[in-house]
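The CoA binding site annotation in Swiss-Prot covers Arg190, Gly191, Gly192, Arg193, Thr310, Ser522, Arg583. The ATP binding site annotation in Swiss-Prot covers Gly386, Glu387, Pro388, Asp410, Thr411, Trp412, Trp413, Gln414, Thr415, Asp499, Arg514, Arg525. Per Swiss-Prot, Mg(2+) binding site is recorded for Val536, His538, Val541. Among the features that Swiss-Prot reports, N6-acetyllysine is placed at Lys608.
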Amino acid sequence: MSEKVIDVQDAWRDRALIDEAKYKEMYEASVSDPETFWGEHGKRIDWSTPFSKVKNTSFAPGDVSIKWFEDGRTNVALNCIDRHLATRGDQTAIIWEGDDPNESKHITYRQLHAEVCRMANVLRNRGVGKGDRVTLYLPMIPEAAYAMLACARLGAIHAIVFGGFSPDSLASRIKGCGSKLVITADEGLRGGRKVPLKANVDEAIKRLDKDLVDHVIVVKRTGGNVAMEPGRDVYYHEAAEQVTDECPAEAVEAEHPLFILYTSGSTGQPKGVVHTTGGYLVYASMTHQYVFDYHDGEVYWCTADVGWVTGHSYIVYGPLANGATTLMFEGIPTYPSNSRFWEVIDKHKVNIFYTAPTAIRSLMGGGEGPVKKTSRQSLRVLGSVGEPINPEAWDWYYRVVGDSRCPIVDTWWQTETGGILITPLPGATRLKPGSATLPFFGVQPVMVDAEGKILDGACEGNLCIKDSWPGQMRTVYGDHERFEQTYFSTYKDLYFTGDGARRDADGYYWITGRVDDVINVSGHRMGTAEVESSLVAHPKVSEAAVVGYPHNVKGQGIYAYVTLNEGEEGTDELRKELVTWVRKDIGPIASPDLLQFAPGLPKTRSGKIMRRILRKIAEDDFGSLGDTSTLAEPAVVDDLIENRQNRQNRSA
């Protein structure tokens, strides 16, 4: 595909925090002398005991250890709430937009302080203190943020489990971190449908040792009739009436754990990613400010769920540490109509909008009409997160949503990294659709070949990071050996991201997908993202997912799942046309061997495509699909199985 370059517009540069020259100067300082750079920027948060040590990190085999600001003491809630009260107590901290468009509320910093203190006192009355783990299984309601910050206030460690996880998944995570207390809601609301959260908690607890969970706190969201276990369960509003709205914040060490967040391993049990207090907050707040070019008084909206790391870093901790107004959205982009995102932007005068490529692609399928009937004049910066954004979706987002006047920050990072690692900066970086562009301050990407040799210049290979940054995860909860094995054993002295990438002649990075999303066709390595981008460039295609499957001749064949735009029909003619299209675009080696038209793709409710399921169906092995409870629409799996193209009695 021809490479398009978008220059930094004067309007972006004129009001940006930094320009290209300043970025280069700061980046050079951050990698040549990280001690001085982070020693200075570590002061962006308040410390009850100032740090004297900045960086103490090692990626050495058998001795992986990551510590930042280790002799300092601070408290995250103090930094996200209390320090703002004198100057911005009456400013809105959180705008909550309900699933129902008629339901929304503004919570000021002063109100947030009172609510968080109340929640902290409710927890403290039930024995929660420093170092205790608390599991949160909540919908996107303000109480989710209150609970996170209440745990932080007490020095307790929160472990959020996304509301789409099944009782089995929830049970394994409660057990994994040893939570004695669970906070949930009677029911969640998403797209007009109810989600039985409390019932799922009850089911999960039945699978655990009887004496593990002592308390379940239930937030009343729908008022639905739910079973309450006497002595164990309590409604939050009743417990909150018994406590005051003042609660001192516990100063904790910089390396005290703030949260555990489980992420899927490529094998076996999910990993409990541990993030700590000081370095994480410095990095989350700094990336939020510079990546989104956040200015005081702006309204910022990240559409993620707090069940995922994006919600932790860029709905709650980063924005609130910066005294921002952050929007929390309970609903989905298509309810009650495809205009919902854009209507919310107009309603709350959103300036910065951060969403996932999968949401953009699904809305693209409905055409420009639902976007163009709204104004979106308040928008200034657009962001993308979660997976590489294909150039066609990037272009639609830029042109249709942003009216070609808003920069797009295509951010690359991971649960493990705590914050954004590779990204454009609005006033400093020329944009290339589909490229995450350049590293953030302190981040040193290196490209490595399969043998572990570091590659120079323009190249393609495995993406690693050479040195630590403050937001980096510290360990896998209860299993440091697994941490070393997963991230540091593949390439000596490097953090291996698990992603492949291409670096172009300008030093820009293009993420090509997980290394396990690489297909080896007749000895040729190919990132699935490239084939997907080609398919989505076809005018009739809304979305595509590509996986490998065993092929008698080639080793692996290419299996493409394609969702068409509204009104298009999946004919044999179109199937042939799409195969020819890819062949012409990338070359014969990239031609899909099998192509299945799919009304929908299996996605988690955060919008990630579940490629594991697609691989199994492509392999005609759908008896072992694993846990599909996190899917937004489990029914799509049945359709995919019914119409699979690789039944064993068919020729490949």
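Every residue gets a Cβ built from N, Cα and C, even glycine.
When secondary structure is read from DSSP and collapsed to three states, Arg514 (ATP binding site) falls in the strand class. Classification of Val541 (Mg(2+) binding site) by DSSP places it within a strand. Those same-chain residues not listed among Val536, His538, Val541 yet with C-beta within 8 angstroms of the centroid of the Mg(2+) site C-beta atoms are Glu392, Ser534, Leu535, Ala537, Pro539, Lys540, Ser542, Glu543, Ala544, Val562, Leu578, Trp581. Between the CA atoms of Val541 (Mg(2+) binding site) and Arg193 (CoA binding site) there is a gap of 28 Å, rounded to the nearest whole number. Val541 (Mg(2+) binding site): 25 other CB atoms within 10 A of its CB, across all protein chains. For Pro388 (ATP binding site) paired with Val536 (Mg(2+) binding site), the C-alpha to C-alpha distance reads 13 Å.
A distance of 33 Å separates the Cα atom of Arg514 (ATP binding site) from that of Arg193 (CoA binding site). In this structure, Gly192 is the one among the binding-site residues Gly191, Gly192, Pro388 with the smallest number of other Cβ atoms inside 10 Å of its Cβ. Put simply, of the binding-site residues Arg190, Gly192, Thr411, Trp413, the one whose Cα is nearest the Cα of His538 (Mg(2+) binding site) is Thr411. In this structure, Thr310 (CoA binding site) is part of a helix by DSSP. Looking only at the binding-site residues Gly386, Thr411, Trp413, Thr415, the one with its C-alpha closest to Lys608 (N6-acetyllysine) is Gly386. For the recorded site, Arg583 (CoA binding site), the DSSP three-state label reads helix. It is His538 that, of the binding-site residues Arg193, His538, has its Cβ surrounded by the most other Cβ atoms within 10 Å.
Taking the C-alpha atom of Thr310 (CoA binding site) as reference, the shortest distance to any of the binding-site residues Thr411, Thr415, Val536 belongs to Thr415.
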